[in-house]
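The following features are taken from Swiss-Prot:
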type: DOMAIN; residues: 32-270; note: domain 'AB hydrolase-1'
type: BINDING; residues: Arg111, Arg114, His155, Trp156, Tyr219; note: fluoroacetate binding site
type: SITE; residues: Asp134; note: site 'Important for enzyme activity'
type: ACT_SITE; residues: His280; note: active site, proton acceptor
Amino acid sequence: MPDLADLFPGFGSEWINTSSGRIFARVGGDGPPLLLLHGFPQTHVMWHRVAPKLAERFKVIVADLPGYGWSDMPESDEQHTPYTKRAMAKQLIEAMEQLGHVHFALAGHDRGARVSYRLALDSPGRLSKLAVLDILPTYEYWQRMNRAYALKIYHWSFLAQPAPLPENLLGGDPDFYVKAKLASWTRAGDLSAFDPRAVEHYRIAFADPMRRHVMCEDYRAGAYADFEHDKIDVEAGNKIPVPMLALWGASGIAQSAATPLDVWRKWASDVQGAPIESGHFLPEEAPDQTAEALVRFFSAAP
């Protein structure tokens with residue numbers, strides 16, 4: 001994949017060793033540490049329009065999720081354990097410790113947001129604040145899977161099918177699939193919101209059969225272990241205790257299932273939120289508005 005360092009001016013590259021393999025990250029800026037996590041079918045590059053603005057106030061760590069982008073791919077098992085959001089969160093905590101950050105702020109989009117809220121539920125003492133972009137909790141998505149929503153996020157069921165069914169089908173035309181997925185979730189319904197260099201980065205990553213397998217394992221974990229972890233928390237009345245911001249696209253995925261802020265109030269003790277004039281990909285479709293909201297939230301006194 002192309003390096004694309006020019007999309008992250010002032011950032012350096014880090015390969016961070018953990019007990020489950022290396023995590024790739026770009027690190028830039030000075031100030032309190034802020035970890036940014038991407039989603040499917042992307043890499044850390046999706047933050048390129050927002051990270052430099054955040055780096056004016058924070059030390060920003062933009063990481064590839066375990067198995068995605070340039071991060072190592074932990075070997076999976078029948079329970080998809082390394083790709084549960086719980087396991088991913090633990091590995092990213094370890095990576096942050098390696099960088100010297102035991103306590104940090106966290107923002108995640110899509111799958112990265114699922115890792116983020118799981119980290120907040122399992123290890124709240126690690127976080128100062130949490131932001132999630134264009135998601136509802138995994139449990140809520142599955143519980144709200146009516147006809148309209150099942151058609152909109154069909155990939156949740158498709159990618160969760162037993163291996164190698166989705167892997168083999170995706171291998172028929174991976175370039176078409178990844179570009180179609182990106183375009184279909186934007187407000188405009190095309191690729192015009194993306195930097196072409198970023199799209200090429202996502203395309204090359206998705207072209208790797210092993211990376212596609214990891215993405216399927218991510219969704220298999222979401223359909224089984226992640227759902228059960230969420231179910232235990234919601235039934236026990238456990239809530240995210242740290243200050244939380246929920247942002248969603250006015251034309252995004254989360255708002256089409258429910259009113260996001262109402263849902264998150266069931267899951268978090270101190271949550272605020274608002275829509276962004278965007279589709280699903282807030283940091284690329286509406287970077288100024290997204291960056292402004294994140295800076296305001298993370299800069300405010302607790």
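Using N, Cα and C of the backbone, Cβ positions are placed for all residues, glycine too.
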Which of Trp156, Tyr219, the listed binding-site residues, has fewest other Cβ atoms within 10 Å: Trp156
Nearest of the recorded positions (Arg111, Arg114, His155, Trp156, His280) to Asp134 (site 'Important for enzyme activity') - Cα to Cα: His280
Predicted model, mean pLDDT over the domain 'AB hydrolase-1' (32-270): 97
For fluoroacetate: widest Cα to Cα gap among Arg111, Arg114, His155, Trp156, Tyr219 in Å: 16
Shell list (fluoroacetate; ref centroid = CB of Arg111, Arg114, His155, Trp156, Tyr219; cutoff 8 A): Phe40, Asp110, Ile153, Leu159, Ala160, Asp218, Gly222
Number of other Cβ atoms within 10 Å of the Cβ of Arg111 (fluoroacetate binding site) across all protein chains: 25
Greatest C-beta neighbour count within 10 angstroms, which of the recorded positions Arg114, His155, His280: Arg114
DSSP-derived class (H/G/I helix, E/B strand, else coil) of Arg111 (fluoroacetate binding site): helix
Inter-residue C-alpha distance, Arg111 (fluoroacetate binding site) and the residue listed as 'active site, proton acceptor' (nearest angstrom): 12
Pairwise Cα distance for Trp156 (fluoroacetate binding site)/the residue listed as 'active site, proton acceptor' [Å, integer]: 15
